[in-house]
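Sharing a structure with you now.
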């Protein structure tokens, strides 16, 4: 397995983690080893997502970069958004969904790396999105103070709820029977069958990250050193523990045959991996810690395994270079490729289901090599200087 983390310093870190057996044969301490640093962005990293082959990162430089974890090489960049990339989510190995401050949600083919659909999702920024475990629904929140439900089978809006405040996190539970919406330090728990709030959890500080540990237990981190475990049914705090010396920025949980693990990243520069107990009222034990000496912003874990053995691996072709003219035209055409939410097509038109094959991609959204992108940016800067 490999822990990946982005930071304000524009770098993506990769650390390979290996379990170390103790005297009794049980693996209770893990050994992290620095594996790579990837410096492809020109601004701080804001989002990261992982599937069985790739790590993708979003940044304030308005691009999405792809890193091939098998080959340990840059796989190119996706240039479609006009604003900070705020959220990235994979569904299996075939689709990636991105959201940004330009109000767009884009559905990408994660094998050909082409934009299948671009939706004008929110009138303000898209602050967060979450895909239902079935891949048929998604939720998004934005600065327009709405919670929106998306029918991913039809590629259209299914429901809009005015929540009167700007939420910054939304997250489905593992089975998809409930979801949480976070506004500052308030966590509203919704039930899928009623689409209404069943209860509210209040954290002491503004919430920065949440992750479900089970269908009913939610881990909550905020602008503080503490991580808390809440029961979403009783709305009570089961336990809390001091995870870092500074605020916790992001969390990620996963399971192995031996352990249920929670990973935390903090502004103090540390990434920590915790072994969760079966009884969530008991605080977890530390498996390992990594000092990156950076201001961490986002976190993911790459597990070297296929999520679907029937699925063919993503294409590993080298990214096609684009000229300066192509890069400029792609940006311009992306505006025409947007599907306005208010003008949705009929249900049988332009389907882009995450559970089946998708139709033809929108025009002007090819994969751009990192070297070519930087060359284009330099030429653009020189052109502007000449004008001045």
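Don't overthink the numbers, they just go from 1 along the chain as shown.
Using N, Cα and C of the backbone, Cβ positions are placed for all residues, glycine too.
What TrEMBL lists as repeat 'WD' is 38-70, 78-118, 119-160, 241-284. The feature region 'Disordered' is assigned by TrEMBL to 309-388. The feature compositional bias 'Basic and acidic residues' is assigned by TrEMBL to 325-351. For 355-368, the entry in TrEMBL reads compositional bias 'Polar residues'.
Where in this structure would I find these features, and how exposed are they?
Counted with DSSP, the repeat 'WD' (38-70) comes out as 0 helix, 18 strand, 15 coil.
DSSP places the residues of the repeat 'WD' (241-284) in helix, strand and coil in these numbers: 0 helix, 23 strand, 21 coil.
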